[in-house]
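J.: Quick one: structure below, then a few questions.
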Amino acid sequence: MADINSPLEIGVTTGPIRGSKKIYVGARTGSGVRVAMREIQLEGGEEPVRVYDTSGPYTDPEVSIDIQAGLPALRREWIMGRGDVEEYAARAVKPEDNGQLGPDRSGGVPAFPNVARTVLRAKPGQNVSQMHYARKGIITPEMEYVAERENVGRAKLETAPDGQAWGAEIPQEITPEFVRDEVARGRAIIPNNINHPETEPMAIGRNFLVKINANIGNSAVASDVAAEVDKMVWSIRWGADTVMDLSTGRNIHDTREWIIRNSPVPIGTVPIYQALEKVGGIAEDLTWDIFRDTLIEQAEQGVDYFTIHAGVRLPYVPMTAKRVTGIVSRGGSIMAKWCLAHHKESFLYERFDEITEIMKAYDIAYSLGDGLRPGSIADANDEAQFAELYTLGELTKRAWEQDVQVMIEGPGHVPMHKIKENMDKQLEACGEAPFYTLGPLVTDIAPGYDHITSGIGAAQIGWYGTAMLCYVTPKEHLGLPDRDDVKVGVVTYKLAAHAADLAKGHPAAKVRDDALSKARFEFRWRDQFNLSLDPDTAEQYHDQTLPAEGAKTAHFCSMCGPKFCSMKITQEVRDFAAKQNSDSYLASENIKRETSAEEAEEAREGMSDMAELYKAKGERLYLPESEAD
């Protein structure tokens, strides 16, 4: 049994991602804002490739990482400089905050040692949301940071974007003014609680790069704060743009504090989970006062967005009765049970405007939960799902009336032919507020492979306009993901998000693809590894069959071998054509001098002779060495 006052040993992965270095780019506005990026170093005189980076200070060897102290408060001066916040004494931590209904805190985890004694909130009559600033015409440092971050790679563009954007309005260049306008219109959010100054600002919206979220958190059967902090750092190393702490069971408050203080990305939660723990897991005992207290507790800690299942209304619950899988959302089922037990409208719906007042005092974004999402393809696009969606649209407009940022959560389990309807209806119902979907899974027959079944749907709905994709790991429906599962889920969803960016014609999306393709053709193996989403696995697979160091410079791989490598043969064809300097049109590069008539005729005769030889040898593409002369 852990001693609540004992030190906590937490080890996280630090150091540069292989083949890369952390760089900081100054905003072009000259404001002094410095934006973190990753630069992949290439061989053969090739210019390095810059990529969007979510890993925070953990990949900067110049930064000393101390998990006990937390990360530097990057945004503190920006927040205080606006003059619209006040400091006050933080709410005292109660035993029930950690799922302990009595005074005994044994079995808990050590409290974070560097907890702030005072926290921030808006001054009376003030609104500190990024949407409020945007609507007042103010470009904040957060907006400048986002603009510079989203422009990565665009300076090297040589070709026009190629894709189908489905109505998205993606500019050739992202400016701070464009970011401000998107936030003001509600088409994008910058989730940044004023009590989470450690965050590096990012935007979620369909006119920006598609983002991904990773879920972590303990459960009633597995609770280890060290493992959860490690999973957070591990997930952002591989590309998670936000992280949701879905902890249930005990130690929720303390686990969340460790995570937030060490997270450079926005942290989301589902507050109803913790509220339920405070009443011993009995949904009927939930009250507005307990829920409100939980919101303030988490707001003071610095949670950046809340999933609120306010669209699960009493009249909609009977609509799920004939479903194959009923209500599969934990938050949705909690509120449905409460509504039926009391036969009353949900207090989340009835008190929505009061929740919004709390959100704007801390700049917390709504993630309006899809508590009635389909849990099987049989239930996709049904009456209950879309009834809730249109209610979420109504609530979005109410939140916008108070300048509070909103994104909308979506399914779920949806077969491919029904996915676009989800996107179209969400845009219509919710006024283009960012869509945030869990997959969707396109089939239900692959437990153990649901990162793939959902990745297919995620790429598709991301192309249609979803702004953020919530990852699914191989453990979905089976168990709690471990560190390896987290990596697989993140990399799978980075792939889906990138595929969506390519399909939308997002400027600069192809830069990394083209660099890797060129490295592949030129047999620059290390560059291929380093440009990939997972360099370690790429090299590991290569070395399973060709482990020798010399294989890293070989002009073939184990798939085809030296004699059958199509790219090596193509290079030889190019070299031959260029050497012959003929008009055979085989050379893909421009010939630097004119071909004489005599040379052209000689080349034609030579090719005619070789064509006859090819026929004489049985029209075989490859010959044994004994017959090659």
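Glycine is no exception: its Cβ is also placed from the backbone N, Cα and C atoms.
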J.: Can you find which of Y273, Y464, Y493 Swiss-Prot lists as binding substrate at the same site as N215, M244, H309, S329, R330, G331, D370, G371, L372, R373, E409, Y436?
T.: Y273
J.: Can you identify, from 39-60, 589-610, the stretch that Swiss-Prot calls region 'Disordered'?
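T.: That would be 589-610, the stretch labelled region 'Disordered' in Swiss-Prot.
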J.: Largest pairwise Cα distance, Å, within the listed substrate binders N215, M244, Y273, H309, S329, R330, G331, D370, G371, L372, R373, E409, Y436?
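T.: So the maximum pairwise Cα distance among the substrate binders is 20 Å.
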J.: Are there residues of the same chain, six or more positions away from G371 (substrate binding site), whose CB falls under 8 angstroms from its CB, and which are they?
T.: H309, G311, V312, I327, S329, G331, G332, S333, M335, A336, E388
J.: I need the CA-to-CA distance for H413 (Zn(2+) binding site) versus N215 (substrate binding site), whole Å please.
T.: 18
J.: Given a separation of at least six residues and a C-beta threshold under 8 Å, show me what packs close to R373 (substrate binding site) in the same chain.
T.: V328, S329, G332, Q385, E409, G410, P411, G412, H413, L438
J.: Between Y436 (substrate binding site) and H477 (Zn(2+) binding site), how far is it from one CA atom to the other, in Å?
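T.: H477 (Zn(2+) binding site) has its Cα 20 Å from the Cα of Y436 (substrate binding site).
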